[in-house]
Amino acid sequence: MELNNVTVEDSASGDAHNRAPPVGAATTTTPTHAERSKPQLLYAINDNPPWYLSIFLAFQHYLTMIGAIVSIPFILTPALCMSDEDANRGIIISTMIFVTGIVTYVQATWGVRLPIVQGGTISFLVPTLAILALPQWKCPPQAEMDAMDGDERQELWQVRMRELSGAIAVSAMVQVVLGYTGLVGKILKYVTPLTIVPTVSLVGLTLFEHAAETASKHWGIAVGTTAMLTLFSQIMSNVPVPVVAYRKGHGFEVRKFQLFRLFPVLLTIMIMWGLCGILTATDVFPPSHPSRTDVRLNVLTSAKWFYVPYPGQFGWPSVTLSGVLGMLAGVLACTVESLSYYPTVSQMSGAHSPPLHAINRGIGTEGLGTVLAGLWGAGNGTNTFGENVGAIGVTKIGSRRVIQWAALIMVLQGVIGKFGAIFILIPDSVVGGIFCVMFGMIIAFGLSTLQYVDLRSSRNLYILGLSIFFPMVLCRWMQNHPGAIDTGNETVDSTLSVLLGTTILVGGVLGCFLDNIIPGTPAERGLIEWANEMPLGDDNINDGTATDYDFPCGMDTIRSWKWTYYIPFMPTYKLQKQS
């Protein structure tokens with residue numbers, strides 16, 4: 001969004017940007033972090049826009065993340081053996097939105113305290129599908145499911161949801177421990193760029209079959225969706241749309257609005273959804289065609305107007321070793337991904353670089369959010385939304401207050417049952433076209449980490465090729481041969497099947513192991529540039545200047561208690577030690 005005639009100096013937030021550069025900043029001709037942020041931000045992290053503007057900006061963040069949220073059930077629910085017409089699909093979406101709102105507020109207010117949005121993530125789908133591929137969780141034949149009554153069909157998917165819920169909640173406790181004990185900074189010293197590349201990239205590579213299956217419902221609509229999203233987000237992203245706005249003291253005036261840059265996914269879905277509606281009304285699509293807009297209309301009509309999600313709504317979670325260990329792959333992948341966003345968001349929002357206590361608290365809080373998502377039955381965990389990080393860079397508004405308002409909107413929308421059911425009506429072919437772009441971007445995000453390593457090194461190319469290709473070979477074979485492992489112990493068989501069938505786990509472990517045992521210089525491995533980008537460790541302590549990460553209240557009391565200086569997630573952590 002482009003707001004004319006407004007600068008940082010003119011706004012009430014001008015003083016918030018006049019900060020000294022961080023301790024130890026290089027004194028060169030290169031602009032410091034504070035100097036780069038000052039002319040770019042309309043509202044910095046601690047600034048509070050007017051409430052009416054905050055609500056508008058918050059709704060914008062909500063619209064940015066909603067596309068990714070609603071896409072997850074299109075892959076999750078078929079694997080749960082849930083029919084397309086099941087009204088509970090809307091409840092699952094509402095639950096995701098509801099939990100997202102709660103976790104986002106806690107994270108922005110008491111967690112890492114950066115303006116980030118938490119929500120469901122594709123990274124959890126990879127281990128989820130590996131778990132549901134076990135013989136005991138595979139869906140029965142369609143004829144057998146059609147013969148079931150309503151209660152039997154409901155129990156069919158709910159028992160699988162309880163298995164996922166327990167796996168998500170228990171595995172997330174590892175993230176809670178990593179964060180709140182401060183172990184995350186120690187462990188990630190061994191998580192190198194050549195560990196991150198296969199871990200993140202394999203998320204998108206593993207899900208290509210699901211994108212193909214969904215898009216194949218109508219390739220014309222799917223390809224049109226991908227083409228339109230490319231047009232809006234890449235070709236027309238800098239094309240402003242004139243809008244009439246009212247400004248106090250100036251009256252009505254025409255301003256430029258970056259519509260295509262802010263809402264490319266939303267515009268694409270609405271246009272292609274509308275096109276499918278026209279083809280439905282004119283009967284170009286025959287009855288029961290998967291791209292018709294009325295094929296799942298009963299989901300909307302049967303959904304409740306108001307429904308408050310609650311823990312154990314689908315039954316109390318069940319816990320198995322295979323499920324927990326398998327889901328741990330998604331937890332670790334999300335931890336690495338979120339950590340890569342923290343320095344970026346701090347710079348984009350005009351904040352100091354996050355000290356170690358804020359990073360610890362952020363990861364711990366994200367883990368708590370995933371525990372809540374598991375207990376609530378969201379079928380997924382929580383992670384930092386990259387789309388909303390990009391929205392901060394586009395709008396130049398990094399206010400924490402805006403994200404808090406967005407969290408409130410999410411909670412309210414999560415209890416409106418009809419709202420969640422609406423998104424189930426989006427034709428599968430439209431979602432398939434979005435998947436082609438979304439999964440491709442996840443692959444690209446993982447590969448972008450290669451910028452830190454020396455790609456002329458045969459050592460690095462060997463590790464990269466093996467850690468990406470071998471998991472795809474092994475995991476595909478494991479999923480196609482579910483009974484291949486037979487140790488005589490069902491628990492061991494299931495555990496090994498899930499672990500060896502989860503590509504991001506096999507690829508991440510293989511990349512990490514090879515990169516740490518095969519000789520290579522720090523520069524060759526990309527460790528020097530990576531350390532500059534991700535300063536994690538005892539050298540990244542709180543020197544007393546990063547007050548952006550202080551709690552919103554009670555700081556005087558916390559500072560008066562000397563024992564809080566030794567708690568890894570307290571704002572006073574190691575305050576007495578100078579770097």
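For all residues, glycine too, the Cβ spot is worked out from N, Cα and C.
Residues or ranges marked as compositional bias 'Polar residues' by TrEMBL: 1-10. Sequence annotations record features per position, and here TrEMBL assigns compositional bias 'Low complexity' to 20-32. Here TrEMBL flags 1-34 as region 'Disordered'. Annotation source TrEMBL lists transmembrane segment at 51-79, 91-110, 116-135, 164-184, 220-239, 259-282, 405-426, 432-453, 460-479, 499-518.
With a cut-off of 8 Å between Cβ atoms, the residues of this chain six or more beyond the transmembrane segment (116-135) that come close are 61, 64-65, 68-69, 72, 75-76, 79-80, 96, 100, 103-104, 107-108, 160, 163-164, 167-168, 200, 202-204, 206-207, 322-323, 326-330, 333-334, 337, 341, 345, 366, 369, 373, 378-385, 388-389, 403, 406, 438-439, 442, 475, 479, 482-483, 494, 497-498, 501-505. For the transmembrane segment (460-479), the residues of the chain that approach it from at least six positions outside its boundaries are 130, 133, 194, 197-198, 201-202, 205-206, 450, 453-454, 497, 500-504, 506-508, 510-511, 514-515, 518, 520, 524-525, judged by C-beta separation under 8 angstroms. With respect to Cβ pairs under 8 Å, the transmembrane segment (432-453) is most closely packed against 220-239, considering the stretches 91-110, 164-184, 220-239, 405-426, 499-518. Sequence-remote contacts of a segment are chain residues at least 6 beyond its ends whose Cβ falls under 8 Å from one of its Cβ atoms, and for the transmembrane segment (405-426) they are 54-55, 57-59, 61-62, 66, 70, 73, 87, 89-102, 104-105, 108, 117, 269, 273, 293, 296-297, 299-300, 303-309.
Long-range contacts of the transmembrane segment (91-110) within its own chain (CB-CB distance under 8 A, at least 6 residues past either end) are made by residues 65-66, 69-70, 72-73, 76-77, 116-120, 303, 307-309, 313, 361-362, 365-366, 368-369, 372-373, 376-380, 382, 400, 403-404, 406-417, 419-421, 423-424, 551-552.
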